[in-house]
Amino acid sequence: MQVVNIATWNVNSINVRLEQVQKWLELNKADLLLLQETKSQDSNFPYDSFSNVLHVGQKAYNGVAIISSGDIREITRDFPDNPVPDEARFLHVRAQTHVGPIEAINVYVPNGGSVDSPNFEKKLKFLGALKNYLTSLNQNSLIIVGGDFNVAPFEMDVYSPDLMKNRLLYSLAERKAMRSILNAGFIDLYRIHNPKGHDFSWWDYRERAFANNAGLRIDFLFANPKLADLLSMAYIDIEPRKQTECSDHTPVVAKFVL
């Protein structure tokens, strides 16, 4: 039996959270770890801390990386019609794993600012262009898509649908854009194993949000059907969020067996 562990985690600065990431990798034996918001230029990224890693960086903002236990090579760091091509928000790689080569796509979706801002329209365009890119891929490959999508698509993904109604991260337009990715054939791995789960991946640092479990599920691992068929488990690991100096996000994990 061959097992592959894949996770996604918005670390909110790799250099601040490096020790936490290393300890988490050692404990969880992830074969692929998709990081968002590294907040590091390529020249300052801690490449020597990982055996195999690719990074798309930007000074002080954004940044995505994929850490692999096996060989990894870049396919692209952009996609057609991306409305923010100068921002480090996307990385598509091919990684060698125990179940064969997997195409891993790491995404950090723009926050949007507010529902009435030009940045919000860019966010919707980003999600639409991303969906088009994903549907253009060869579905005979094993494909994982992970990242911080900055959208909670369903009621059970927010602590209070009434309070969040029409607000950023839960507006109808954002939810429709996210659901279009699912409707295009990509499967929400956490939801397969937790169909009624009311778990979250992000809690604001303010107002004791984590202590009160006032969170949102905005971090996802999606897979195409060929890879989803190998899924054995998916969950949200809240332990890192309990630590001091933690990210406001916590890892989402999926395990596959062949």
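Note: Cβ is positioned from N, Cα and C throughout, glycine not excepted.
According to TrEMBL, Asn10, Asp148, Asn150, Asp248, His249 bind Mg(2+); the candidate from Glu37, Glu121, Glu207 that the record adds to this site is Glu37. The Mg(2+) site is set by Asn10, Glu37, Asp148, Asn150, Asp248, His249; from the centre of their CB atoms, other residues of the chain with a CB within 8 Å are Asn12, Gln36, Tyr108, Trp202, Ile218, Asp219, Ser247.
Listed recorded positions: Glu37, Asp148, Asp219, Asp248. The one with the lowest count of other Cβ atoms within 10 Å of its Cβ is Asp248.
With a cut-off of 8 Å between CB atoms and residues at least 6 apart in sequence, the same chain places Asn10, Gln36, Glu37, Asn62, Gly63, Val64, Ala88, Arg89, Phe90, Gly147, Asp148 near Tyr108 (active site), listed in sequence order. In the structure as shown, the Cβ atom of Asn150 (Mg(2+) binding site) sits within 10 Å of 24 other Cβ atoms.
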